Amino acid sequence: MATPVYIVLPSRPDHVVSTAKDHAVQGYTELHPYDPSQTEGRLWIFDNDGYIRLAANHNLVLDVNGGAAKEGNTVLSYPDKKDHAKNQLWVNKDCILHTKLDESFHLGVNDKGQVIITQKKEQRVILRAPASLEKRPSAWERHEGELNVVAVGAGNHDVWGVNHLEHIYHWDGSKWHQIEGAATNISVGLDGTVWCVNKAHEIYRLDRGTNKWSIVPGELVQVSVGNSHNIWGVNHLDAIYKWNADSNSWTFVDGQLTNVSVGHDGTVYGVNRAGNIYHYNGNSWDAVSGELVQIHVANKDLIVGVNKAGHVYRLKHGKDWEKLEGELSWVAVGHGGELWGANSAHNIYKALL
């Protein structure tokens, strides 16, 4: 039997998927606060057959209420290796749990804290070993390769970067692939949208099917992609722009920044030449305490940055900066808390927030 794991919502890593206290069959599962002293009903086993079993009772498995081909709640039931097994079997892809019946659906959590089947990427949950919750963030590990800029998409299988020679690379979870083209800055969204800029300030977006770049009107020195509908950038004059997909043009945003970042949920932060930090409220910029030279936003709950000394920080509760270990010149965070960074020597590091 596999090692027990927690099932965690990345945007709320202090909560885990749990059952009702009596572990009742057909009882709904919910999101509960993480407490290392309370594990019964909160630890799960993903076995070799594809069942997600309750660690406290291996006879109970996570099931889909009414089928797996639509959104719906999850419940506990007894494993059925005949008629209903297709609703009880799961596929683990990069620690994300998809239904075997239809892998476009995955396990997630709705706004009420109920564990559901969904296609919404921002709601999906991931597997985490107990040790990874007890020590968060995890220690930085050296990763192969050299980069100046790094970006994280849907997880550790979709990481992009550029090096000091302006070469573009994509990490697919097992190795780096050099991508045709040259860039000085690159960004990838949760939905896999990739944009970059080169030293001539030209802007390009990638066709993921052909790995070919197409030019985008405008000039930028830095671009940030939350998803295909949330793209921001700054130019060499520190002017700020937001992409309008409907008109295929840029909309000027008042203010001056040297670095801007947008999450898949539309959350936007930026820093200026003085190192001041700002949060966009939809109409104007609100000052945020602290000083940074680079900032990265996955969503409103996952925001990291580095200052001019190379110190790494994460924003907690939208106002308090927590210093993390390590010294980097660039940092990025994925929707699942995947931390990637590069230092002044171009060395690459990764961790888990």
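Yeah, the Cβs are placed from backbone N, Cα and C, and that goes for glycine too.
Per Swiss-Prot, the feature domain 'Ricin B-type lectin' maps to 44-93; the stated evidence is sequence analysis.
Annotated region '6 X approximate tandem repeats' per Swiss-Prot: 138-353, in sequence order.
Summarising the annotation, Swiss-Prot assigns repeat '1' to 138-173. Averaged across the repeat '1' (138-173), the predicted model reaches a pLDDT of 95.
Positions annotated as repeat '2' by Swiss-Prot: 174-210. A Cβ distance under 8 Å defines the sequence-distant neighbours of the repeat '2' (174-210), meaning residues of its chain 6+ beyond its ends; these are 121-122, 144-145, 148-149, 151-154, 158-162, 166-168, 216-228, 230-231, 233, 235-236, 264, 298, 335.
Beyond its flanks by at least six residues, the repeat '3' (211-247) meets 151, 179-181, 184-191, 193-197, 201-205, 253-268, 270, 272-273, 296-297 of its own chain at Cβ-Cβ distances under 8 Å. Sequence annotations record features per position, and here Swiss-Prot assigns repeat '3' to 211-247.
As annotated by Swiss-Prot, repeat '4' applies to 248-282.
For the repeat '5' (283-318), the DSSP counts in helix, strand and coil order read 0 helix, 24 strand, 12 coil. What Swiss-Prot lists as repeat '5' is 283-318.
Here Swiss-Prot flags 319-353 as repeat '6'. Note on the repeat '6' (319-353): residues 10-11, 13, 95-96, 121-122, 126, 132, 136-156, 159, 161, 163-164, 190, 264, 288-290, 294, 296, 298-299, 302-306, 309-313 of its chain, located 6 or more positions outside it, place their CB under 8 angstroms from a CB of the stretch.
If you look at the repeat '1' (138-173), the same-chain residues 6 or more away from its ends with a CB under 8 A from one of its CBs are 94-96, 121, 132, 179-192, 194, 196, 198-199, 225, 298, 325-326, 329-336, 338-342, 346-352.
In terms of DSSP helix, strand and coil, the repeat '1' (138-173) has 0 helix, 19 strand, 17 coil.
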